[in-house]
Amino acid sequence: MSYEMIGITVLWIFLYGYLIVASVDFGAGFFAYYAKVTKQDHIINQLISRYLSPVWEVTNVFFVFFFVGLVGFFPDSAYYFGQSLLIPGSIAIVLLAIRGSFYAFENYGSKKSNVFMFLYGATGLLIPASLSTAMTISEGGFIEETDNGVRLLTGELLTSPYSWSVVFLAIVSVLFISAAFLTFYASKANDQPALELMRKYTLFWGSPTIIASLTTFIAMSQHNHRHFENMLDLWWMFGLSVAFFLGALLLIYQQKRYGLAFIFVMFQFFFAFFGYGAGHLPYLLEPFITIESSVTNETMGLALVIVFIAGLLLLIPSLIMLMRMFLFDAEYVKGKK
Amino acid sequence: MELDSAMMSRMLTSLTLVFHIIFATVGVGIPVMISIAEFVGIKKKDPNYTLLARRWTRGFTITVAVGVVTGTAIGLQLSLLWPSFMQVAGNVIALPLFMETFAFFFEAIFLGAYLYTWDRFKNPIYHWLLSIPVIIGSTMSAFFITTVNAFMNTPQGFELEGRTLTSVDPLAAMFNPATPTKVFHVVTSSYLTSAAILAAIAAFAILKKKSSAYHKKALKLTMVATFIFAIMTAVAGDLSAKFLADEQPEKLAAAEWHFETEEKADLVVFGTLNEDNEVQNAIRLPNALSFLAHGSFDSEVTGLNEFPEDETPPLWIHYMFDLMVMLGMYALGVSFLYLLLTKIKKWNQHNKWILWLIVINGPGAMLAVEFGWIFAEVGRQPWILRGFMKVAEGATTSPNVGWMFLLFLALYIVLGIGAVSVLRKMFKHNPAELELEKRYPQVEKGGDLK
């Protein structure tokens, strides 16, 4: 495999990792706020903060890893994405900053205020929306290159059905993934009321997720025919994705094997995400950047791959340790440690 | 001064960095202090130190949070504000940037584990062991990111043909001439600043409500650390000056208002410049600059006039350099004085005057870090990649940077106020003496061991 293929695969895996862990986090913010409004917060807040407190920083690193890696493997992307994404990128940073720091302020500092809960819930939905902008513009048609540099066509972006269907898909997927995870976590903690509530949420957010996937597919066929055709060639990946989705819903409906159900949800998004990504190639940003044209020089590519493998050898055992301490340690999850 | 995109990009980057390095500096140094305190607590079986580690850790979570989010901000802003620079330099500096995120990842994982396992292990040494990877992670992070900055000062490891880079050597780029002294200086000054701030807190507590054993022990521990790290920082600073004399003479010359190349050069302390760039009102230390630059009093020091005028940094960095050095010396002096007072039996090391000097040293050390970075960064103007790319060529052309500046200014004000008020609340309503009694009932009132 060439360096650029290794590079993009590595990055895509990290973006997928971020998609899963960040969704749990972002969705939890929304559920926590919603539960407070409907006066059910005593049921799930304990559960949410026990999981999130030790891992929120790790979630953030997945994201940093992705964008640093992208610029590292494909320096040209810094130029085009950097020039065009100044405003949406800055807004996303500000939202992430408010969310991350206020999470720590509230959890380690003082009691939860209403303003905080609202910010925490609202940013949980706005961040995925603003981050998905980068995904949308990579389809092409939203930026132009002139003699003065590259600029974003904001008007086109705001009126495009494709961009809105991506935003919608991002938000409902976040809620679905998060609900599925918290259902599993509640069952692990043997917390019946929380389990019941989260289970209902999971079943509820399942349908908009699959509808949004479909509308995004259709909008894609209008917006970028090449990418759409590529994805049709990979129809089996999307078929597997739907199959895992149905499997997950069935398990949750039947109230059994919640852990397996969440793994199914992870597979559902894995296949959809990789199917989408594979169809996107060879372009990173249509029509300006292809992966061959923008890849870093060979020496650096090799160095990055070596460091990446060394890094994984360090990270994987550490991550397993963290998960065993806080995710799969029944005593901790139940709140006894 | 024209407020074009390049200028606004510089201002926004400065704003983010000035704010970020406050939290980055303590992020590197405080884990070291926490680990030392916890270890001393285990070895001496003295819960005062263990509580010290616990309470520092609790405050640390707040500063880490702000450090993480502002670090994410500067990470993305590099590409958003300097796209052309990143396009070129990304080919050469991707490796340390990438490794920095690994170090950050490593630290994040173990910090979470450390925070939530205080009472989990029967043998407390296991919990202490979790602090080691946190220190490794934070210090390695500082190491890698500093190599990137060092590269921008003394770029090497590539050849530039137009906008195409050839013969890239990632390791040569990372281990460029500026790397050793920069890393040494950054790491030691971070440790120093963190120790100085924690000492200032302890001194302030003793001043405010008389003293308990807890605060006195905290003060002694942090002052010993301050003294050791201050010596190391001074050595690192001296090596950095010698490095500048060899590799970046225009920066040293601008810092010292040294215009003519000459032997036996004087060190200029403070003073003003008149219209003809003549130094007035300054204290001159004869031959000291020669010594600072090359280690001998009669060596030749390159003057600013040797360089084309459009390639020299602004002359006001002289004040930044002087302030940094002065505050560094102050940290060394105060900690030495305190240690002297503890050694001489009939003197009281907790008298009001020395405590106030120690309190001032906390913010002073942080200011020294800020001044030092401003000196280092403005001192390589007009270059973004010294000798290869000027700042204006690297900046974004987007017309909206001004608005983003206001957006981030508002963000940092909110974060700053939030962090300070949460930290105040955290410790005000929960004094150490009370917590000590509650957690460790075997300890007598006042914090002494039974």
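Keep in mind that glycine also has a Cβ here, set from the backbone N, Cα and C atoms.
Copied from TrEMBL, the annotated features are:
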TRANSMEM  A:6-34  transmembrane segment
TRANSMEM  A:55-74  transmembrane segment
TRANSMEM  A:86-105  transmembrane segment
TRANSMEM  A:117-142  transmembrane segment
TRANSMEM  A:162-182  transmembrane segment
TRANSMEM  A:203-222  transmembrane segment
TRANSMEM  A:234-253  transmembrane segment
TRANSMEM  A:260-279  transmembrane segment
TRANSMEM  A:299-327  transmembrane segment
At an 8 Å Cβ cut-off, counting only pairs 6 or more apart in sequence, do the transmembrane segment (A:162-182) and the transmembrane segment (A:86-105) clear the bar of 3 or more pairs?
-> no
Feature contact check the transmembrane segment (A:86-105) with the transmembrane segment (A:260-279), CB under 8 Å, 3 or more pairs | no
Residues of the same chain, at least six outside the transmembrane segment (A:117-142), with any C-beta under 8 angstroms of its C-beta?
-> 22-23, 25-30, 32-34, 36, 81, 84-85, 88-89, 91-92, 95-96, 98-99, 102-103, 106, 152-153, 156-157, 160, 162-163, 166-167, 169-171, 173-174, 220, 223-224, 227, 280, 283-287
Thinking of Cβ pairs under 8 Å, which stretch from A:55-74, A:203-222, A:299-327 has the most of them with the transmembrane segment (A:6-34)?
-> A:55-74
